[in-house]
Amino acid sequence: MYAFLTGPMLWASLLVFFGGLLARVIWYIRGLDWRLDRVAYKPHLAIGLQGAVQSALKWLVPFGTYSWRQQPFFTVAFFLFHIGAVLVPLFLAGHNVILEERFGFSLPALPMGVADTLTVLAIIGLVMIALRRIALTEVRILTTGYDWFILAVSAAPFVTGFLARLHVGDYDTWLLAHIITGELFLIVAPFTKLSHIVLFFMSRGQLGMDYAIKRGGATRGPAFPW
């Protein structure tokens, strides 16, 4: 089972993940209206890209935007989870062993203590996000079973992996559960809200280009005929 999950199934999961996310990016770009978007973006690409990068970077800094500062609890929860969600899967030593075995390369590995800390903080962040969905009326009434499914899919690889790391119960069982839930995440990501892995950058980039080109950002230089 382990050989299958870290061999053919891993290849298939990564193919779906990267292929699906690439398709989402292509569909997003093709969905732009040439009369409203492309006609402005192409002639003013340089200033548009500058606005796109600035827009994305501001939202990647904790409390870097007004909206983050207005929701401190959610901001802390969001960054606790997402920092771990990026760093642990990519730089965990155990993951890089598999990368080296299956693909012939590896990334720098986090110290085990750092990886453990990031994992615990990521789980705490997910618990905080879940509590927010329960406690805030305006969030609770919009929450559906689909949202809980996304939270569960996001949490499962961290929880199962950490239980395996601590050798709670049967190690092999938790290890297989960790691999299965991790590959489930990869497979469902392109087809769910988890596609924000790339669509966040697309949407923030589009808004940044809009503000830089169309909505007054360009007044710092020569006026554009918009």
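The backbone N, Cα and C atoms fix where each Cβ goes, and this holds for glycine too.
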34-45, 46-57, 58-69 - the range that Swiss-Prot marks as transmembrane segment: 46-57
Distal contacts, the transmembrane segment (112-131) - CB-CB under 8 A, six or more residues away: 73-74, 76-85, 87-88, 91-93, 151, 154-155, 158-159, 161-162, 165
